[in-house]
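Asker: Here it is: the structure, laid out below.
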Amino acid sequence: MSVFGDFVKICETVALTLCPLVGREEGIEPQCYSRNVEIAGNLIFQPELLLVSGIVPAASYVYPYFVAGHIGLITATFWCLLLNGFVGFQFAEDGTPLSLWSIRISSLVVFLAVFGLSFATFRNIAGFSPLHPLALWIVLYVFNGAALAIYFILQIVLVLNTLDDRWPLGDILFGISFYVIGQVILYLFSVKICDTAKHYIDGLFFGTICTLLGVMMVYKYWDSITKEDLEFSVGSKQNVWEVKELLEEEPYSNYSSNYPPPPLPQGGHNGYSQQPQGGYNNAYPPQQQYGGY
């Protein structure tokens, strides 16, 4: 069982990007991990990911920068998701500069703050130690976990109290289920999967897929609660697909003279009589009974 603030048990189970940098002087090696794949003469470890693939070696000078950026992006994503959870409660109108730039600027601030915290932890700067990365552990598992939980709770409350349709609840529940299943596979069954598959794959592979499915369900949920169908829309125009009201048919007399009128029936059939051109200002003659002219 993992101890609060300790990455040792976690990194022994799953090969996270920060494992070579924390916990011990030489980092923490997982008990089992997927085997290397040779591509163009290069050995690539865990080919679906960049940092744990060997493309950026753990011994490289720039590796801590990449890991710090990776952790910063993860936390900024959870923060952005949390703020989007409040948008439906109209703290600011969705799509306005206030709502957009508040999310953008605050997410950038969170990214920079977590990037600095991570790098300081890896380099033993400002009192942060890679041997005791408590602050980093709290950010990854307490802050991000709380942001995700609050988002899902807010969306359930929003659907129940605001929307007449209950189908979006299914999207939320599927998203939660996919994410939880991925985390369970990642932290509980990764070693067993790796041993059973003879090091070809491990829990990180299935955990990544389940997380991706969870993200897809979040998008599906958002698409189901919005009026506009913007899935295939291009550009920044609002209400592209929303039809406000049906246009009323204009009377024939309002037609512009730029458009010639249809030809009149020959011989006075269908209720019309032949008249000289221009007698009605390029418009349809009024329909009258025979002998009315």
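Note that the numbers count up from 1, one per residue, in the order the chain is shown.
Quick reminder: no glycine exception, Cβ is built from N, Cα and C everywhere.
Feature list, courtesy of TrEMBL:
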TRANSMEM  73-92  transmembrane segment
TRANSMEM  98-122  transmembrane segment
TRANSMEM  134-160  transmembrane segment
TRANSMEM  172-191  transmembrane segment
TRANSMEM  203-222  transmembrane segment
REGION    252-293  region 'Disordered'
COMPBIAS  271-293  compositional bias 'Polar residues'
Asker: Need a quick answer: max count of Cβ pairs under 8 Å to the transmembrane segment (134-160), which of 73-92, 98-122, 172-191, 203-222 is it?
Answerer: 73-92
Asker: Is it the case that the transmembrane segment (172-191) and the transmembrane segment (98-122) touch, counting contact as three or more CB pairs under 8 Å in which the residues of each pair are 6 or more positions apart?
Answerer: no
Asker: Below 8 angstroms Cβ to Cβ, which residues of this chain, lying six or more residues outside the transmembrane segment (203-222), approach it?
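Answerer: Same-chain contacts beyond the flanks: 13-15, 34, 46, 48-49, 52, 81, 155, 168, 171-172, 174-176, 178-179, 181-183, 185-187, 189-191, 193-194.
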